[in-house]
Amino acid sequence: MVAEEDSAELRQPAGRNMLERITQLINSVFAEAKVGVVLTPEEVLKLIDLGDSQGGPTGRHWVLDPIDGTRGFVGMRQYAVCLGMLQDGEVVLGVLGCPNLPQGPVGEQDGQEGAAQRAGGSDVGCLFSAHRNYGAYAAPLWDEHAEPVRIQVEDLSNPREARFMESVESRHSSHSTTAAMAEELGVVLPPLRMDSQVKYGLLSRGCASIFMRFPPPTYKEKIWDHAAGFVIVEEAGGRVTDAGGARLDFSRGRFLQLDRGIIAAPPALHKQLLQAASKVAAAPLPSGQ
Ligand SMILES: Nc1ncnc2c1ncn2[C@@H]1O[C@H](COP(=O)(O)O)[C@@H](O)[C@H]1OP(=O)(O)O
Ligand SMILES: [Mg+2]
């Protein structure tokens, strides 16, 4: 298992109280689900540390981000529970649980504080999934009897009709770079800002047609922040590459090695985005940047 968290902080004296609370919470969920197991704090620490695999190009690895979009989670906006599976370096399975995401059309307000208050309604909460070569699907998160429906990216090539998505947090992805890309491409609609991998889910079901992410140059992208969304978008007919056009490569360990950032879109738009990316990269920076 390749997972984001480890137990280091919980092993400190200052983490003892939190460890007790986590252990109690797990045991109460286990009791409710009649799992028949009661864990000790030490067992909880060991389980968390099972996520220390380094991934790589061979074998099978689960890739877990238990809360992707921590800032969105804390800010009562969007977040996702993300699980992927790598087989010999290729993402073959992906699941995204998006508790605060409406099942129907999504607007700006759904990416803002208050989204969490709508969670729990029968039309809020989405589960996206994909199995390599078997398509991408969406289902209501809380209805285990609902039949998942096949999803597809928007069949769109005209940037004037396209809506693009990006991070809420400009420190995670440069809003000025995406604005320059959008202008170069001829996008006229304002961005849809959402936290976390819910953006990959929205792209896959055609709620928006472009996702761009340009983190600071020193930031190293982690595989658990993209694995599930990547296979879901590809199976929905979209393309996900870095800004130089290389398909994301999950076979190199816990990190992705990217040229500038990530661009995801239906194929016809994606091609235009890559052209825009090379023009924006070649343009001189405005003074002061
Ligand atoms: N300084 C940073 N630059 C870019 N991305 C970051 C930075 N800090 C955290 N992230 C990651 O950005 C992702 C969320 O992106 P978004 O802004 O689209 O919601 C999270 O996975 C988060 O990692 P983490 O999961 O460790 O918090
Ligand atoms: Mg994350």
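Numbering starts at 1 and runs along the chain as displayed.
Glycine is treated like the rest: Cβ placed from N, Cα and C.
What TrEMBL annotates here:
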type    : residues                          : note
BINDING : GLU4, ASP65, ILE67, ASP68, ASP225 : Mg(2+) binding site
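Of all the binding-site residues given, namely GLU4, ASP65, ASP68, ASP225, the one with the smallest number of surrounding CB atoms inside 10 A is GLU4. Cβ proximity to the Mg(2+) site centre (mean Cβ of GLU4, ASP65, ILE67, ASP68, ASP225, cutoff 8 Å) flags the following additional same-chain residues: LEU64, PRO66, GLY69, THR70, ALA80, CYS82, SER196, GLN197, LYS222, TRP224. Secondary structure at GLU4 (Mg(2+) binding site), taken from DSSP and collapsed to helix, strand or coil, is coil. Cβ neighbour count for ILE67 (Mg(2+) binding site) (all protein chains, 10 Å cutoff from its Cβ): 15. Classification of ASP65 (Mg(2+) binding site) by DSSP places it within a strand. Under the three-state DSSP scheme, ASP225 (Mg(2+) binding site) falls in the helix class.
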